[in-house]
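**Q** What follows is a structure written as structure tokens; I'll ask about it next.
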Amino acid sequence: MQSFWDLLSMYVPWVACKGSGSTESPISPKDTKRSNLQDQPMSQEEGQMILVLVGPKTLLQKKIVKAGDKDQDGQLDFEEFVHYLRDHEKKLRLVFRSLDKKNDGRIDAQEIMQSLRDLGVNISEQQAEKILKSMDKNGTMTIDWNEWRDYHLLHPAENIPEIILYWKHSTIFDVGENLIVPDEFTVEEIQTGMWWRHLVAGGGAGAVSRTCTAPLDRLKVLMQVHASRSNNMSIVGGFTHMLREGGWRSLWRGNGINVIKIGPESAIKFMAYEQIKRFIGSDQETLGIHERLVAGSLAGVIAQSSIYPMEVLKTRMALRKTGQYQGMLDCGKKMLLKEGVSAFYKGYVPNMLGIIPYAGIDLAVYETLKNAWLQRYATSSADPGVFVLLACGTISSTCGQLASYPLALVRTRMQAQASVEGAPQSSMSNLFKHIIKTEGAFGLYRGLAPNFMKVIPAVSISYVVYENLKLTLGVTSR
């Protein structure tokens, strides 16, 4: 039965509190700054906390100190400890209300089974009753709020399952750029093969949204490469140029390969992400924000390295003139014969360097917006609703793009160097210096307007198509 508890502890923190018994050296009184407590009133729960902290130092106690230690000094003073209790109790109340499906103020075995089933974990009624008995004080085989709070108050919940379920930073936020952090799936979804249906639904949604916003994407590439102080290409002027040069079909140049690369990139990123999660030794199904940043960035580097030649082809196809190439294969063949293999990796370095600021700011902004919403509006449920999720995802992705945009522009110019007459074959650093010298800092943001114009329609289209494809593929909502 112990292995069962260990298994469930990966999914729900309130199972993990069954006990992890390390018997390391005890914490001395100074470790909790007891002197700060002498003239302060103390509740029963606070007294229990102090008794736990000055007892044998276990892994659980380390987590409590880590969760409440705001000034990162390795100690827990009175103010930090009271703040931890209040914040933790609020999270516990949110989870209790979400588990209480009948809204009767009590949790029974059926509600525990349903909540775990929503997380992809199927257990028997006997196993649910076993969990229930560990918290049930009065023998009613139900848990009220007081029993729930007393049992969990001294156990830090770093990943509240119900909150994670609603707030998962999903791959549906496809704005036509490189998605750094892949979606995470439960063990149940991976074992049943449901994960690939999510990826297919996300890939299909990305294909549709990118196709619908392809004219804006091509305009962005043209402005990144051709716009300058002497050629101040506007949005209207750019569209007019494309229509005159190649007709309305020219608006979608480069979109074919942009759609084709979604499949291999998503699959490679997902597999790399899962392997990196195992490599870093995380025992949690859902990683923390710093672990996600590391794992997602590394997975992004691996995936981008694998499909990068397709990125170069996409840029060349978007910049091509009418009749220059018969298709993407012809484009690739002529590049190989004229410029060699190295042409397919031009701009590789700034592209890789752009991954970290994009992923870091995207995740940081998303977590900040999520926490702000929870603190202000989460009174009875942690479910933010579709519009809040879409808004948070859109804003965070946009901020990530804004931070990494200069690197993206330099990457595009390096990819396009051989196809533009008279363009210098410069390195990344020289190209940065040239742009700053000739165009100023504003030159690093050429094409930003059409890039931002496509964000809201891309996210909206992605979401609608994603939800409909999930229904078609038989994907159950998480």
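In case you wondered, yes, glycine gets a Cβ from its N, Cα and C as well.
Sharing the features that TrEMBL gives for it:
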- 87-122: domain 'EF-hand' (DOMAIN)
- 123-158: domain 'EF-hand' (DOMAIN)
- 20-42: region 'Disordered' (REGION)
- 193-279: repeat 'Solcar' (REPEAT)
- 287-372: repeat 'Solcar' (REPEAT)
- 384-472: repeat 'Solcar' (REPEAT)
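Each of the listed features needs to be described in terms of its position in the shown structure.
**A** The average per-residue pLDDT of the prediction over the domain 'EF-hand' (87-122) is 76, rounded to a whole number.
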**Q** Just to be sure I understand, if DSSP states are collapsed into helix, strand and coil, how many residues of the repeat 'Solcar' (193-279) fall in each?
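**A** Across the repeat 'Solcar' (193-279), DSSP assigns the residues as follows: 73 helix, 0 strand, 14 coil.
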**Q** Going by DSSP assignments with H, G and I as helix and E and B as strand, what are the residue counts for the repeat 'Solcar' (287-372)?
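**A** Across the repeat 'Solcar' (287-372), DSSP assigns the residues as follows: 72 helix, 0 strand, 14 coil.
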